[in-house]
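TrEMBL has this to say about the protein:
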BINDING   B:E152, B:Q190  Fe cation binding site
DOMAIN    B:48-208  domain 'Ferritin-like diiron'
SIGNAL    B:1-18  signal peptide
Amino acid sequence: MKLICVAILFVSAIGLTSAELQCSQKELKIPKGWIDMVNPCVESMRNQIEEELKASMRYMAMGAYFSQDTINRPGFAEMFFKSASEEREHAIKLIHYLLMRGELTNNVSKLIKRNLIPSTTSWANGVSALKDALELETSVTKKIRKVIQKCEDNEKFNDYHLVDYLTGEFLEEQYKGQREIAGQISTLEKLMEKHGALGEWLFDKKLQGAE
Amino acid sequence: MKAIICISVLFFATLALAAEDYCYKDVVEACKTTTKKSVTALNCTAKYGAIDNLQSKLQRYVNHHFIRSFEYLLMATHFANYEKNREGFEKLFRGFSDNKWHEAIELIKYITKRGGEMNFNELSEGIRDEDKEEQDFELLELSSVAKALDIEKKLALEAFQIHEDASRKMNGFHDPEVSSHIEHEFVHKQRDIVRKLAGYTTDLSELLNGPDASLSLYLFDEYLQKQ
């Protein structure tokens with residue numbers, strides 16, 4: 001009886017191995033010389049991906065706040081939700097850049113952690129949210145500049161292409177975006193000087209129309 | 001005895017009446033010249049039905065969408081590296097990531113439409129537990145589809161759970177508007193995604209059992225690119 005059992009087990013084990021799917025493929029030997037990015041540049045780029053997503057979630061909190069019925073600023077809400085998605089797009093652009101340079105072949109699972117919960121979730125009014133947004137953009141700009149510095153001032157390798165990309169694409173957008181928000185703060189503050197609620201209400205309708 | 005019943009009936013009647021038009025009453029009060037005007041004290045919110053009791057589960061559902069969106073982004077990223085070079089799989093998971101992201105935003109808007117607010121800290125125990133273990137999103141082709149199927153089923157069942165809560169007839173939970181919204185915006189779409197992914201696992205597991213798994217995966221990836 002025992003023998004039969006063992007025999008059955010043996011046969012079923014064979015059955016299992018022969019039904020094994022060929023899920024993985026053989027290791028490849030692709031030349032690696034073309035992959036020329038070095039640390040700490042790579043590491044700072046990887047960190048910047050999460051920074052962009054953190055900024056995204058902070059905008060998300062602003063969108064959620066101004067969507068509430070008791071706040072009722074749909075123009076502000078729409079603008080901040082849009083900014084949230086734009087920040088996410090930045091993160092994806094950085095990912096694509098690293099992939100283009102042959103990076104991100106490992107340790108991808110830890111690229112985005114789950115600590116992106118926004119800390120601030122309410123604002124006194126539209127102006128204070130816009131001021132927060134401007135500060136957020138300023139801090140993102142500073143961080144991008146730090147990445148550029150790490151990738152440029154490297155004895156081993158000056159990453160001209162990445163530095164050009166970050167300067168031309170990212171800093172360009174940062175500076176234009178900052179100017180836009182600063183202008184909005186100025187307009188809204190002037191509107192609200194004598195006409196608090198009316199000023200913000202008008203500004204919100206203007207933002208809605210801008211869509 | 002009769003008197004007590006009478007009084008209590010009267011009491012509840014006035015309470016019900018008050019509940020019906022308390023916004024108007026507050027406004028009348030606020031507009032009186034003698035009383036101090038206070039706009040914030042008005043009971044004029046968009047809340048009705050069972051939103052207060054359903055809100056936390058909806059908030060969780062938003063956060064779970066964000067988490068899944070990021071996970072799908074990592075899965076897509078892995079397939080886009082030069083070694084994997086599977087554009088079709090990248091497109092599949094990037095699409096899922098985008099969808100979860102936009103659904104989360106829409107759901108935040110929905111919660112606020114019902115007079116609620118968003119809480120980014122709400123997470124289910126199950127999701128919190130996931131975080132305790134090391135997560136792997138650098139997966140093989142078949143495993144990635146399998147993982148996606150599990151994720152989608154979890155999300156689908158979570159929608160059922162919210163629907164169930166909203167369908168309970170007891171006071172404070174019955175909210176046909178929420179259940180209808182869940183049906184239209186989530187339940188049916190999820191059915192199609194689950195079916196599609198289950199079909200992919202069927203195809204892939206048969207293809208990988210054949211003589212040339214590499215060629216099969218290449219062709220399947222080409223197919224995914226055109227989807």
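From the backbone N, Cα and C atoms, a Cβ is placed for every residue, glycine too.
All annotation found in TrEMBL is predicted automatically rather than curated by experts.
These figures come from a predicted structure and were not determined experimentally.
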Exercise for review: Identify, in sequence order, the residues in the chain of B:Q190 (Fe cation binding site) that are 6 or more apart from it along the sequence and have a CB within less than 8 Å of its CB; answer 'none' if there are none.
Suggested key: B:E152, B:L155, B:A156, B:A159
Review point. What is the Cβ neighbour count of B:E152 (Fe cation binding site) at a 10 Å cut-off, with all protein chains included?
Key: 23
Practice item. Calculate the per-residue pLDDT averaged over the domain 'Ferritin-like diiron' (B:48-208) and state the result as an integer. Key: 95
Check your understanding: Which three-state DSSP class does B:E152 (Fe cation binding site) fall into?
Key -> helix
